[in-house]
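Note sheet for the following structure.
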């Protein structure tokens with residue numbers, strides 16, 4: 001079996017003690033075989049079939065983006081600076097209604113190209129035509145947790161067909177691409193799915209033994225509507241519907257009261273925090289420090305490029321570290337290490353991949369990235385955990401590996417044809433807007 | 001005289017109507033000679049002594065960073081996630097006390113390298129050993145407004161020497177480097193300079209006919225202290241001391257009441273908004289939408305890399321566009337075009353360089369940048385003003401010109417020795433921390 005030895009690199013492993021050191025790492029097949037501080041031991045040098053000089057590079061786990069809609073990259077910059085309902089009803093939904101499987105394929109490929117180039121190795125995607133997203137994941141070499149997001153505001157026969165589609169997608173794709181793809185079950189949101197319809201998704205998740213994913217409490221309006229329509233705020237509503245009996249990842253969770261935070265912690269619900277999208281759509285600022293204090297695992301998502309407008313998870317890491325300090329008035333909340341955990345190990349745990357990815361550790365999958373650190377914004381050598389959280393950008397990523405396979409080398413995609421993707425995505429958009 | 005013709009480029013001119021188009025631009029000597037939509041006219045092709053194919057590039061005015069302390073880049077990542085006074089008193093000030101002119105030179109060179117590479121062509125710098133900063137500006141080819149920032153909490157003879165130093169610096173450097181350097185007069189802040197000392201700076205500014213720059217109302221604590229010590233909030237305090245009788249740029253202005261906003265507008269005071277630094281230090285969120293509604297010219301500053309921790313002004317532009325939407329709950333405030341104006345033309349106006357830089361217009365100085373747009377995060381071609389505000393990063397900048405002279409080509413610095421700067425800055429830091 002091939003064994004890659006990386007020597008003379010700088011490492012941020014995301015281990016519990018958050019070490020950072022000059023060191024080495026060996027990759028055998030799809031896994032991290034060993035790693036350590038200082039020069040590589042003689043034995044590692046002997047075992048290696050290939051060596052990479054890690055000088056000027058910082059190695060860390062690949063980033064995990066826990067909420068998004070990749071295909072919506074086709075709508076980047078189409079409509080900004082608008083009120084949410086205007087944006088959704090007059091711009092997003094009418095254009096999305098025209099999306100074909102082909103659009104989903106090229107929009108998702110556009111997103112995959114951007115994510116790999118900015119250091120994301122694993123992403124969550126909730127959309128339609130999901131087998132086309134699966135094809136992109138398969139081809140790109142990325143790791144993903146995919147889910148058919150179902151809006152249930154439709155006649156019963158359409159509801160049935162959508163649920164069947166979500167179930168069939170799960171059966172066909174869970175465990176696909178050598179296990180790089182897993183599947184979740186997703187009613188889109190409490191405000192777009194009637195309770196009895198949500199119950200069917202919970203039932204399906206039990207039958208298929210899968211986790212669940214949904215949008216929850218993104219805006220104050222939907223929380224108020226939930227109380228009006230069903231008598232409960234969204235957290236209690238979903239809990240009563242049994243959703244939290246499954247491992248569940250909720251996106252946004254901006255508007256929570258103390259009781260809801262306590263219940264989310266008690267039920268081990270995972271929260272995907274999407275600070276850039278929440279700001280851009282003026283949804284508000286999630287109570288992340290309180291969620292963390294309560295013991296909730298909080299990870300980071302970009303949401304789609306239509307409300308962000310890029311997929312650079314380093315921006316979410318920086319935003320998470322900055323925003324909550326300024327809003328809370330406490331400069332000690334979400335320190336650099338915590339923000340990095342949100343973008344890596346917390347993300348992995350939130351989609352059932354703790355112990356699989358999100359850290360550099362012997363035995364874990366070899367999903368890692370290398371940043372070029374011989375740059376002004378990484379000088380001086382004070383603290384690379386700080387530099388990664390506050391100074392780095394996705395564009396600093398030079399190399400990316402997933403499952404031990406290199407997907408990006410010196411900023412060039414190895415598994416995807418970037419030029420073709422950019423051209424096809426532009427072609428799709430020109431047809432959609434026509 | 002040499003005349004450069006750029007053809008087939010995409011242009012965002014920052015003109016009043018915010019046009020964006022495929023077009024051409026001619027540069028003669030240090031100025032923009034002409035520009036327009038479509039293919040370059042025959043006459044321009046004939047006049048050109050050099051031609052640049054602008055395909056795949058977006059041209060826009062160079063960015064203007066209106067508040068910072070360049071030399072503090074030596075302290076990037078030294079101490080994060082701390083309360084402000086702990087950060088200042090136990091980490092920043094003790095280390096800065098050891099700064100020599102050499103440290104200021106290499107720290108400022110590190111900052112200049114980072115700023116040029118991320119598209120900033122003009123910057124404001126307030127620090128000590130300012131002639132060493134002047135040398136960096138001269139050598140780098142950048143444009144700058146420099147000012148000796150004086151802390152007046154010291155014996156009278158030291159106060160006198162510092163004031164004399166500030167005045168001498170102004171006499172020696174205002175108009176230097178072919179006019180690329182201008183100088184402002186700066187008492188550091190109302191809380192670090194007694195009122196009678198501030199009066200002497202106002203007097204000097206009148207005598208030298210220079211603008212003024214100061215920190216103001218960054219934290220709620222300093223506002224309260226101002227009221228306790230002097231009976232007025234900082235805006236009225238500085239107004240009574242006559243500062244606003246000079247053109248004045250105030251940094252931060254986070255904590256303002258309605259009367260203060262009205263007075264700042266009435267006195268034409270310029271505000272440098274530093275959103276990233278204000279968040280990181282937990283100072284709060286400035287009332288930027290209200291300032292703009294009142295007619296105040298608001299620009300953007302990074303503050304130093306010690307509280308940011310990079311000098312990428314595109315990050316400030318994005319942050320300004322995002323933050324105020326999320327905090328106000330109104331997704332229409334600070335639309336993309338407004339955020340870009342803050343980072344360009346507003347910045348130029350705030351330091352007396354309106355009509356000199358900050359826009360692409362015939363007759364203005366040729367200070368402009370080119371971004372590589374054949375990248376996933378600039379697709380599709382919906383709206384480049386949106387892409388610049390929400391999706392772009394400083395690392396997208398490929399080329400930079402100031403005064404018609406190219407400072408960056410294909411991401412490589414032409415006037416500064418980057419490798420040497422990184423090594424010297426690291427050496428300075430290792431000595432300082434020792």
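Positions of Cβ are set from backbone N, Cα and C atoms, glycine also.
Here is what TrEMBL records for this protein:
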BINDING   A:67, A:69, A:215, A:303  Zn(2+) binding site
BINDING   A:96, A:148, A:188, A:218, A:303  substrate binding site
DOMAIN    A:60-406  domain 'Amidohydrolase-related'
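Features as recorded by TrEMBL, highlighted on the structure.
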residue: A:67; record: Zn(2+) binding site; contacts (Cβ under 8 Å, 6+ apart): A:124, A:126, A:213, A:249, A:251, A:252, A:272, A:274, A:301, A:302, A:303
residue: A:69; record: Zn(2+) binding site; contacts (Cβ under 8 Å, 6+ apart): A:125, A:126, A:127, A:149, A:303, A:304, A:306
residue: A:96; record: substrate binding site; contacts (Cβ under 8 Å, 6+ apart): A:72, A:75
residue: A:148; record: substrate binding site; contacts (Cβ under 8 Å, 6+ apart): A:126, A:127, A:128, A:130, A:162, A:165, A:166, A:169, A:170, A:186
residue: A:188; record: substrate binding site; contacts (Cβ under 8 Å, 6+ apart): A:126, A:149, A:150, A:151, A:152, A:214, A:215
residue: A:218; record: substrate binding site; contacts (Cβ under 8 Å, 6+ apart): A:189, A:251, A:252, A:254, A:255, A:278, A:281, A:283
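DSSP assigns residue A:67 (Zn(2+) binding site) to coil in the three-state reduction, outside any helix or strand. Taken residue by residue with DSSP, residue A:96 (substrate binding site) is part of a helix. Confidence annotation: the domain 'Amidohydrolase-related' (A:60-406) carries a mean pLDDT of 97 in the model. The DSSP secondary structure for residue A:215 (Zn(2+) binding site) is strand. Neighbouring residues of the recorded Zn(2+) site, listed in sequence order and excluding A:67, A:69, A:215, A:303, comprise A:68, A:126, A:251, A:252, A:272, A:274, A:277, A:301, A:304 (Cβ within 8 Å of the Cβ centroid). Under the three-state DSSP scheme, residue A:188 (substrate binding site) falls in the coil class. There are 25 other CB atoms within 10 A of the CB of residue A:215 (Zn(2+) binding site), with all protein chains counted.
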